[in-house]
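Student: Please find one structure pasted underneath; my questions will follow.
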There are 2 protein chains.
Amino acid sequence: MNGPDFQKTELIPVIAQDEASGTVLMLAYMNQTAYEETLRTGRVCYYSRSRQKLWRKGEESGNVQELKSLYFDCDADTLLVKVNQIGGAACHEGYQSCFFRRVDPASGNVTVEGERVFDPKVVYGKK
Amino acid sequence: MNGPDFQKTELIPVIAQDEASGTVLMLAYMNQTAYEETLRTGRVCYYSRSRQKLWRKGEESGNVQELKSLYFDCDADTLLVKVNQIGGAACHEGYQSCFFRRVDPASGNVTVEGERVFDPKVVYGKK
C-alpha cells in the first residue's frame, strides 16, 4: 500500500493529534486534493463536508496545523496526522481539543474537561 | 448536549486511544446500540460496516478494549474512547496501532513504524 485509497471512498476521515502532548484534537475529512495539498505544503488541509470545499485549517483564525507526520491505517481508509497546532487550540469553540465533553458511563452525565484557550467571539468575530 | 447525535448520522466514527501511552489505536464506528452497550458493559463495542452487525472488539482474538473514558466532539458526531487494550495490540495485523504505515511527504515513501505484538495467523487461525 502506498497511501490512503481514495478509490474506495472519496472522503477519508482524518484524526489530528497534537504531536507534543499526544492529545487527540479533532476529526475531519480529506479528499485526494486536500491530501495532496497537505503533503505538498506541510500545512493540514481538509475537505469541509458542510461547505463542500477545501478547508485550509486556520485560514480564518490563523490557528493552522503544521504537519509533523502522517500515517494511514491497515484498511487504507483512515488517516492520522500528527501536528503542531498553532494557537494551542483546534476547536472552534476555543478548546485545545474538540473532544472536551466527557460522558460518565454510569450516570450519563456530561462534564467539560479542559479550559478555553481562546474566546471564539474574538477570534471569529460576531457570526 | 447530552451525547453523540445518532439522529444526525446513524453511524458515528469512534477514535480509540490507548489511555496509558496516548497512542491512537484505530478508528471504527458505532451505532446507537453499540454506544449504549459500550457504556453499559465498560467494554468497547463497535458496529462493523462490512459485516453489518455489532462488533464486540476482541470477541475472537480476546484482545478486548476496556473503556476508561469517553468523549464526544463539539459537533456531537465523533467519539473518542480512551481504553486499556488487552493484549497490547488493536490491529488485526498484530500491531499496537492500525496506523503503523507512515508516509514521507517529500518522497511519498511508506515505512512501517512499530513492531508486531502478535502473529495474526496464530491469533485468528488460518482464514
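Using the three backbone atoms N, Cα and C, a Cβ is placed for every residue, glycine included.
According to TrEMBL, the domain 'Phosphoribosyl-AMP cyclohydrolase' annotation covers A:26-100. TrEMBL lists A:Asp73, A:Asp75, A:Asp77 with the feature Mg(2+) binding site. Taken from TrEMBL, the feature Zn(2+) binding site covers A:Cys74, A:Cys91, A:Cys98.
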Student: Between A:Asp73 (Mg(2+) binding site) and A:Cys98 (Zn(2+) binding site), how far is it from one CA atom to the other, in Å?
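Tutor: On Cα coordinates alone, these residues lie 22 Å apart.
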Student: In whole Å, how far does the CA atom of A:Cys91 (Zn(2+) binding site) lie from that of A:Asp75 (Mg(2+) binding site)?
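Tutor: So the alpha carbons of A:Cys91 (Zn(2+) binding site) and A:Asp75 (Mg(2+) binding site) sit roughly 28 Å from each other.
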Student: So of A:Cys74, A:Cys98, which of the binding-site residues has the fewest other Cβ atoms within 10 Å around its own Cβ?
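Tutor: Output over binding-site residues A:Cys74, A:Cys98: least Cβ neighbours within 10 Å is A:Cys74.
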Student: How many Å separate the Cα atoms of A:Asp77 (Mg(2+) binding site) and A:Cys98 (Zn(2+) binding site)?
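Tutor: Answer for this pair: 22 Å between alpha carbons.
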Student: What kind of secondary structure is A:Asp77 (Mg(2+) binding site) part of, going by DSSP in three states?
Tutor: coil
Student: What count of other C-beta atoms do you get within 10 angstroms of the C-beta of A:Asp75 (Mg(2+) binding site), across all chains shown?
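Tutor: The Cβ of A:Asp75 (Mg(2+) binding site) has 16 Cβ neighbours within 10 Å.
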